[in-house]
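Data first, discussion second: the structure below is written as structure tokens.
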Amino acid sequence: MSMPQPITLGQTRLGPSVFLAPMAGITDLPFRRAVARHGGAGLMVSEMVASTEMVTPRPSNRAAVRAKALTEGALPVSVQIAGREAAAMAETARIVAGMGARIVDINMGCPAKKVTGGLSGAALMRDLDHALSLIDAVVAAVPDLPVTLKMRLGWDEDCLNAAELAARATDAGVRMLTVHGRTRAQFYTGQADWSRIRQVANLPGRPPLVANGDVVDAASARMALSRSGAEAVMVGRGAQGAPWKLAQIAHKLWATPAPAIPEGAALSDAISEHYEDILSFYGNDLGLRVARKHLGWYAEANGAPNRAELMRAASAQATLAAIRAGFGAAAGAA
Ligand SMILES: Cc1cc2nc3c(=O)[nH]c(=O)nc-3n(C[C@H](O)[C@H](O)[C@H](O)COP(=O)(O)O)c2cc1C
């Protein structure tokens, strides 16, 4: 199978066609920087920005800090927005465009109750007229930026309407579509069904398409592309504890430069750098908590023998020592 050509959106060339998925609480600036240090990705999508959070008269400090970081870094960052009111979505799109977003992505894929309960995220797939009113408002609000859309296959087995939403979004001016090969009802259970994304791939005149769900290595990426007919893949959980995973997949599929896969001392250095970045970005208290989940994933993905110690460490110093002991020891470096 010949590999699809890189996608260009506006002025931005998204090469290679392996993209980092938006993951709230995970794909923050320190994680995106870690991905960038390890070979990068064709596109990184920010954590979701709730429109309600952005358009309040006095956003909380934390929201402001998080928002400022959305577009930082020399990366082709797409900022994802979520919400259910056209005016607030349009205003949020204008705000993130003013902050330097190169692409605005609309979230119609998130299954979380907190989001769907507010009738945004995947819940919008139950009411396509309403979904389209949001898309129209966002496209009109940022005429100079490409607007993209992320969705699931549908709400449930009785409502598999990704192709209908994709067709209407295409007519409304959406410039790239990402489809996670599960319904909302499935949450994250079972296996993503990439072949069901093909109904979107077959739409005449559609924009570039990205397949998402359970892509974890080069073999699954290749299979996702061939089954779905998409031009690119998006990787979320597969990059947890392995920020080099995207570059690794790109190298195998598109012959881009191979990232160094850190081992031993290089691995403990890479994890320590990510860890210190988290602490300086969030401050010590919140940073220690945010870092813990990443350390758990690093331990899982790289087989650190001292996972419990890593999780328990109460100070930055103790954690850095545990990182050196757990990840550096394999190569005899401490
Ligand atoms: C913790 C977590 C947070 C997520 N947050 C978002 C989000 O903010 N916006 C979004 O569109 N999808 C979000 N997703 C969904 C992912 O972008 C992706 O569609 C899904 O995880 C399937 O891809 P994967 O199997 O490669 O992880 C999230 C997923 C996880 C696990």
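Just so you know, glycine gets a Cβ as well, placed from its N, Cα and C.
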Query = Given TrEMBL annotates PRO22, MET23, ALA24, LYS150, HIS180, GLY236, ARG237 as FMN-binding, which of GLN80, GLN199 belongs to that site as well?
reply = GLN80
Query = How many Å separate the Cα atoms of GLN80 (FMN binding site) and CYS110 (active site, proton donor)?
reply = 11
Inter-residue Cα distance where the pair is CYS110 (active site, proton donor) and ALA24 (FMN binding site), in Å = 10
Query = To what whole number does the mean pLDDT across the domain 'DUS-like FMN-binding' (20-320) round?
reply = 91
Rounded to the nearest Å - Cα separation of ARG237 (FMN binding site) and CYS110 (active site, proton donor) = 14
Note = Per DSSP (three-state), ARG237 (FMN binding site) is helix
Ask   = Between LYS150 (FMN binding site) and CYS110 (active site, proton donor), how far is it from one CA atom to the other, in Å?
value = 9
